[in-house]
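Engineer: Below are the structure tokens for one structure; questions will follow.
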């Protein structure tokens, strides 16, 4: 009993200490830690699990520890695994043998493919013969051919269907993995920025073990379809990507025989189809049976910023995975602030003086502007050798020039860790305010910026703040983006000629990046993966399979930033996409009818499709009746009540003699009344088609938030889900 009393006393003291210092503890993400307590007690009345729960309750101050206790070790040794904040970990460590972070010891990728369920090696079903014949065209900044991610060890000759060339320029060699290269920039296809290498390896790179960014994110990097081939098309330079180069690349890629195109390039805001070279190129690709997957853009969370809004383009938003990177700031008073950055610089815990930009203002600027660390606003003598504190990200441009040791800023994107050219940490607004208060209250404020730590076991993925949002301002009845995939802090191959960050002189073969550019090749890899099992499926069938099997996600923010206009159908689920049951099928004629329904002229239709088309009642449909996997309609702002009907057709790709029953699950916004006719679909054979209609009625739709629901067709095995969104919001489209 003495041991038990001592244990209780220890943790009662820890609880008092925790509560007394609660003001110094920040709201930081929890991480799973293993609490090792040594040998099991020999006392007959000792119950390990009860002791573990009691310890957790006392240290966390929570009466219920549901979701905290992950596992108890109680048969051979004593201990438990629990989700703890850093502060809680420190407190528990005072009374146990050791506390150490949970690590995944088996080899893992940038975590994104494992996170999505596509495991390495034999753990994932593969059709390797078809995968090896699958060619992914990457339209980007080129590629670094010497990267291990593109080694052809174990690869046979290119597929017989390949009609491309290796025209990469001087000192550029293709192989049986990287089978083609074309340059449209006069620089050669070699990647000098790293972007194209990163996206290509994310989609289809080989498995490369023991890879990291200066020790961060260590594991096995690989693409979604590592046995497939890659063809690189360089269309971008440091000054941008020209329309003519983009169109030329589509032209060549289609003729070369690629099976799928991934393109992480776009306008800052949506462009009308006839002025968008990617929309035009993708239309031709679709007509030839080639799916184009593209990024949604990085202008979020502002509405109407989503790029690539044509229904024949698969548009991808960016979301988090179960892994993230934090860089802690330890202040002189012991308080710790958890910021975000991919910081590979080790300051070895040494504390340096802090200087707020406002206090280091030069005579050229006022204090308010200097607080943001605007260029030419800081007095070098006041900053040199110190940690610079800035109210915005502009300080990164001048930090080195004024002699700063490190930088801490109020991050405009506190949900994302970025790479910088010196030790850094980006704080949330409330933590930055706390930091400034600390600086202004101290005569000699000091802090240490520690190395980046990896945190696992995040909550369910959320949409990144930078990911562009809808609604679609070109085709207002087509929901965009279509899907979301991992696009935050992705480790992938990189060009040694590129800069990991601006003004960064380090040279690396693998780097960490965030953006919808990183999400796009994830979906391209999934689409290629599905195609390896269904080589004859059309682009629309593959897109439908991925969209209707996606799982629901969350998006932070208010208004449309937190709705389907952020994530479309949901988060991609590669394994479920292999068995969708039913698909929504589209072909070139359907898209022509859609464009006719948008009242496009024959001249405009020819620009987009390349064909001379005359619209008539026979080849014209309402845009909302395009046989798309999602359903969306923009209402008149004057409607207090409304009734909208969507017409759709499903194709059975599951089993014969199937019966699918409809179910409607409410979403957000105003309550909708939804009638599905017929409510049950019977399929006798595979490839049989059945049509239905969805009538949505309601009133008083919120002008700020769309009203939504989900239609699910289920046969007991398959759940074919389509989002339904109606909206009347008037948004600033500038």
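Any Cβ shown, glycine's included, is placed from N, Cα and C.
The signal peptide annotation in TrEMBL covers 1-24. Feature annotation from TrEMBL assigns domain 'Inhibitor I9' to 32-108. Annotated domain 'Peptidase S8/S53' per TrEMBL: 132-570, in sequence order. What TrEMBL lists as active site, charge relay system is 140, 195, 517. Marked as domain 'Subtilisin-like protease fibronectin type-III' by TrEMBL: 625-726.
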Engineer: List every residue in the same chain as residue 195 (active site, charge relay system), at least 6 positions away in sequence, whose Cβ is under 8 Å from its Cβ.
Structural biologist: 140, 141, 236, 264, 498, 513, 517
Engineer: Inside 10 Å of the Cβ of residue 140 (active site, charge relay system), count up the other Cβ atoms and send me the figure.
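Structural biologist: Result for residue 140 (active site, charge relay system): 28 neighbouring Cβ atoms inside 10 Å.
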Engineer: Report the mean pLDDT of the predicted model across the domain 'Peptidase S8/S53' (132-570), rounded to a whole number.
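Structural biologist: 93, rounded to a whole number.
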Engineer: By DSSP, what is the split of the domain 'Subtilisin-like protease fibronectin type-III' (625-726) into helix, strand and coil residues?
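Structural biologist: The domain 'Subtilisin-like protease fibronectin type-III' (625-726) comes out at 1 helix, 61 strand, 40 coil.
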